[in-house]
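Read through the structure below, which is laid out as structure tokens, and then see the notes.
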Amino acid sequence: MASEEGQVIACHTVETWNEQLQKANESKTLVVVDFTASWCGPCRFIAPFFADLAKKLPNVLFLKVDTDELKSVASDWAIQAMPTFMFLKEGKILDKVVGAKKDELQSTIAKHLA
């Protein structure tokens, strides 16, 4: 379900995932996807930081996918470790950050907004 600007949108169904990507492709919006898992300690550590980035950057679409909940999406995107952050624009992968690396996450977003 889509939420307000400046929030992380959790994709609980493949349909929601596809809808969000479609909208982002049409608007040429930068998308940052957090592939996460409920049991993943580093994922829980970085989640508040990811949410804070979403508040600070309302012109970027922040999505969250639980790899256990949407196994097919995680498989399609070849997710091997959590957290993995994918940076997408117009349906293309621009970049990827693996691990709870705050500085790298922030600098990669800045790079693709420049």
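Note: Cβ is positioned from N, Cα and C throughout, glycine not excepted.
Taken from Swiss-Prot, the feature domain 'Thioredoxin' applies to 2-114. Taken from Swiss-Prot, the feature N-acetylalanine applies to A2, supported by similarity to another entry. Under the heading site 'Deprotonates C-terminal active site Cys', Swiss-Prot lists D34, citing similarity to another entry as support. Taken from Swiss-Prot, the feature disulfide bond applies to C40-C43. Annotation source Swiss-Prot lists active site, nucleophile at C40, C43, citing similarity to another entry. Among the features that Swiss-Prot reports, site 'Contributes to redox potential value' is placed at G41, P42.
G41 (site 'Contributes to redox potential value') sits 14 Å from D34 (site 'Deprotonates C-terminal active site Cys'), taking the Cα positions as reference. Reduced to three states, the DSSP call for C40 (disulfide bond) is coil. Within 10 Å (C-alpha to C-alpha) of D34 (site 'Deprotonates C-terminal active site Cys') lie the following recorded positions from C40, P42, C43: C43.
Close to C40 (disulfide bond) in the fold, though at least 6 residues off in sequence, lie M82, P83, each with a CB less than 8 Å from its CB.
Look at the recorded sites G41, P42 and count other Cβ atoms within 10 Å of each Cβ; G41 has the fewest. Mean pLDDT for the domain 'Thioredoxin' (2-114) in this predicted model: 93. Every protein chain shown contributes to the tally, and the Cβ of C43 (disulfide bond) ends up with 21 other Cβ atoms within 10 Å.
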